[in-house]
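Inspection log for the structure reproduced underneath, given as structure tokens.
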Amino acid sequence: MSDEMRAKFQEAEAVGRVDSADLRSSRPTTDTKLDGVGPRARAMAKLREMIYCARPKLMTFWQRIDAAGQGVAPLSEWAKAMRACVVADDEFPWEWLQPIMLPMEPIEESGQLPETFHYVSFLTQYENALSKKLADQLHSSAVILMADNVTSKQEAEAAWNLIDRNGDGKLSYQELRPLLRSSALAINNASLEEDRVYSVLVKMDRDRTGFVDKAEFVRAVMRALQFQQSLNQGGSTPGSPVDLMSNEGGSSSSPLSPMHALGLQYGSQLEKRRKRAHDLRKELAQWTESDIANCWAATQAAIRALATTCGCASSVFQVLDGDGDGAIDRQEFQKGLMQLLRGSPLLKAFDRWEPLLWKLVDEDGSGFVSPQELNMAFSVRQFMSI
């Protein structure tokens, strides 16, 4: 990141710096808010970014003490891992934050809190929507590289016997790393490689144990082969959801019951999601795997750059909107990206992947990026497990 951009973030975040005093506050302070967001909310947003970037290291930390390979770790190890992998400061209030960031339900029989937590579920709560879309597109090719020349379920099962070298029936994060070497990325960056291995692991790990077993591996390979076949055939078309609550035989003017109206609303939302997914596949099909991989890498690098500053995704817009007109044009977007990724080898291929990133961020195709679009592109969201 350039010194100029770092200074802009410091100025933009002057009233929202992350410190333990903000985090210990039981409710947002009455200080002046920046863009309607108070210091405590901005502090939590910053922590989400930092945890998101530390997911591979946290996964490794907890897997080393998960001898049974069940995806659980002692609750006492949560704060230790956060201090080792996220903020290495003995004074940082991780113990105070634990019940906020890792809420636990008491055991019904005893009323006591559990002594362990499901670390995979905790880690997979933290997502960036844009990065996930791109990573999902790259997932199939990564899996196929693991099982070279496999074309059937029987061959996938045979490939597993070669991959599972220690014969314990599962692959950990550390065991997957050497199997997922990629030539699609234009750069050799340890952090990005860790992010890529992590994204493939959690995609394959259907039962959220933190490990990939044989059934999960075979399933992932078969789905990857099907996905590649669909791409070679030109992709699929968006399906229309079956309207199980259609009003066949009734008058079109008949009033809808609440359940009927809810069903129609859900069907409409489902159709919109399917169309967006189809449009995304159609768009990405026009780009090479290398372009998609480097676009994903640029997104991850931007989030990591933000995590190292006092700025967070909600303040990116203010920094990039150079003329203050309330919208970011293509030139401002390009200038901001180049400053954000200053020193990164990704900039050598900037002209190849930046057009794709711009299309994905400018979702409505207006030629300008709104605060909502930019925030959705680079913010880290926490999806609580139920």
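Glycine residues also receive a Cβ, built from the backbone N, Cα and C atoms like all the rest.
From a predicted model like this one, the values you see are computed outputs, not experimental measurements.
Per TrEMBL, the features are:
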{"type": "REGION", "residues": "18-37", "note": "region 'Disordered'"}
{"type": "COMPBIAS", "residues": "18-34", "note": "compositional bias 'Basic and acidic residues'"}
{"type": "DOMAIN", "residues": "151-186", "note": "domain 'EF-hand'"}
{"type": "DOMAIN", "residues": "192-227", "note": "domain 'EF-hand'"}
{"type": "REGION", "residues": "231-256", "note": "region 'Disordered'"}
{"type": "COMPBIAS", "residues": "244-256", "note": "compositional bias 'Low complexity'"}
{"type": "DOMAIN", "residues": "316-343", "note": "domain 'EF-hand'"}
{"type": "DOMAIN", "residues": "357-384", "note": "domain 'EF-hand'"}
Helix, strand and coil totals (DSSP H, G, I; E, B; other) for the domain 'EF-hand' (316-343): 16 helix, 2 strand, 10 coil
Arithmetic mean of per-residue pLDDT over the domain 'EF-hand' (151-186): 82
